[in-house]
Amino acid sequence: SSYPSFTIRVRPLTCAETRRGDRRVVHSLGDGTVHVSATSPPGTGGLQHSLSCRCPHAQVSSDRHDATFGFSAVFDAGASQEDVFEGSGMRQLVELAIDGFSCTVFAFGQTGSGKTYTLMGPLAQSETQPASSALLGLMQRSFACLLEQSQSRGSDLALSASYLEIYNEQVRDLLSPGPPCTLSLRWSKTRGFYVENQLSVDFENLEAIVGLLLQGAEPRRRRTSAHALNRHSSRSHALLTIHIRSRAGVQSITSPTRVPQPSTCPSKQGTLCFVDLAGSERVKETGSSGELSVEANSINRSLLALGHCISLLAKPRGKRTHIPYRDSKLTRLLARSLGGSGITLMVACISPSSRCLSETLSTLHYACRARRVTTRP
Ligand code: ADP
Ligand code: MG
């Protein structure tokens with residue numbers, strides 16, 4: 001299959017949306033297409049503008065209020081977390097990472113569209129009552145799959161994790177104890193872009209990696225009030241990276257009976273990175289105070305830079321110009337995953353509500369542009 005692979009997930013209408021009478025304007029036709037249909041209120045120019053965007057995969061009907069988009073997988077409101085894991089190609093991505101590839105999963109879309117739910121599942125009911133295992137997200141399912149594979153390969157994989165956040169163009173370590181500290185993003189000829197002094201924590205079992213996930217997610221989820229928190233987490237990008245080193249070829253100290261591989265065998269190093277992107281909604285320019293507009297600018301800048309890099313990477317190799325990874329911290333951090341032999345799975349999260357129509361169209365158009373990147377493992 002070719003990459004990046006594109007998946008759309010349409011969440012159900014929430015109770016609140018149903019109560020206030022929102023209509024469902026997004027439908028999956030069951031053939032990998034998403035259909036967005038709405039009658040726009042008179043005098044709305046914005047919608048027409050979104051639809052006139054050049055997207056080869058969108059068929060816009062003559063009345064300019066309907067659009068159909070085609071993707072490699074579309075999950076409608078009824079899809080379970082397991083359906084998404086199995087049907088999005090996530091399992092294959094885990095296997096490719098074990099084979100030494102740099103793999104990245106992006107969840108993007110407006111705030112409230114289901115990015116965090118898709119990646120991590122819903123919040124636990126309480127400390128003692130964790131969320132049902134059926135609701136666990138792509139991350140926990142991938143960890144389980146990774147550890148199973150590791151076990152079946154005789155535990156020859158060395159696993160470690162790092163967890164970073166980019167907020168207002170500052171990189172913070174979510175695993176460091178105490179208040180989050182800002183780290184420097186550097187570049188060297190040998191390593192490319194890297195984060196100086198970031199913590200990387202070894203783990204060997206599911207409890208340990210899920211513990212790291214919760215530890216990192218905690219400051220984002222619980223910092224102050226629930227409202228402020230949601231605002232914070234939707235204004236920052238979070239990147240959890242699993243580093244997978246194959247111990248094959250290295251004589252193991254713990255199992256001296258093991259036949260050593262020839263030393264010429266390179267030790268493979270793959271990565272599996274989960275990116276929960278900041279909400280893509282356009283923050284209104286007017287009325288945003290100092291702090292808000294700095295946030296909005298940082299988000300717009302990095303999402304634009306990401307979209308820009310991705311659309312340039314979509315060009316055939318021979319025709320590629322310079323890829324401007326340097327335009328944002330996000331694209332610098334992801335330079336290796338996006339280019340070269342990197343493998344990408346994009347999950348566009350969408351609300352079905354009529355109130356989100358214009359953001360939904362903008363998410364789908366963003367996805368369409370990015371969809372034209374092709375790299376093969
Ligand atoms: P985001 O991270 O994009 O801001 P969330 O993942 O926090 O959005 O989802 C917003 C709300 O919708 C949450 O209450 C979440 O539990 C709910 N939700 C999202 N996706 C689904 C889904 N597929 N099924 C049921 N509820 C969902
Ligand atoms: Mg979120």
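The backbone N, Cα and C atoms fix where each Cβ goes, and this holds for glycine too.
TrEMBL lists G109, Q110, T111, G112, S113, G114, K115, T116 with the feature ATP binding site. Among the features that TrEMBL reports, domain 'Kinesin motor' is placed at 3-373.
Sequence features, as recorded in TrEMBL, placed on the structure.
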residue	record	Cβ contacts under 8 Å, 6 or more apart
G109	ATP binding site	K115, G279, S280, A348, C349, I350, S351, E359, T363
Q110	ATP binding site	G279, S280, E281, S351, C356, E359, T360, T363
G112	ATP binding site	S234, G279, S351
S113	ATP binding site	R11, G279, C349, I350, S351, C356, E359, T363
G114	ATP binding site	R9, R11, C349, I350, S351
T116	ATP binding site	A107, G137, S233, D276
Near ligand 1, which of the binding-site residues Q110, T111, T116 have CB less than 6 Å from any of its atoms?
T111, T116
Report the binding-site residues (G109, S113, K115, T116) that meet this criterion: Cβ distance to the nearest atom of ligand 2 under 6 Å. Use sequence order and write none if nothing qualifies.
K115, T116
With H, G and I counted as helix, E and B as strand and the rest as coil, say where DSSP puts G114 (ATP binding site).
coil
Hey, what's the Cβ neighbour count for K115 (ATP binding site) at 10 Å?
29
ATP site, defined by G109, Q110, T111, G112, S113, G114, K115, T116: further same-chain residues with Cβ within 8 Å of the Cβ centre:
A107, Y117, S234, G279, C349, S351
Using a 10 Å radius around its CB, how many other CB atoms surround T111 (ATP binding site)?
17
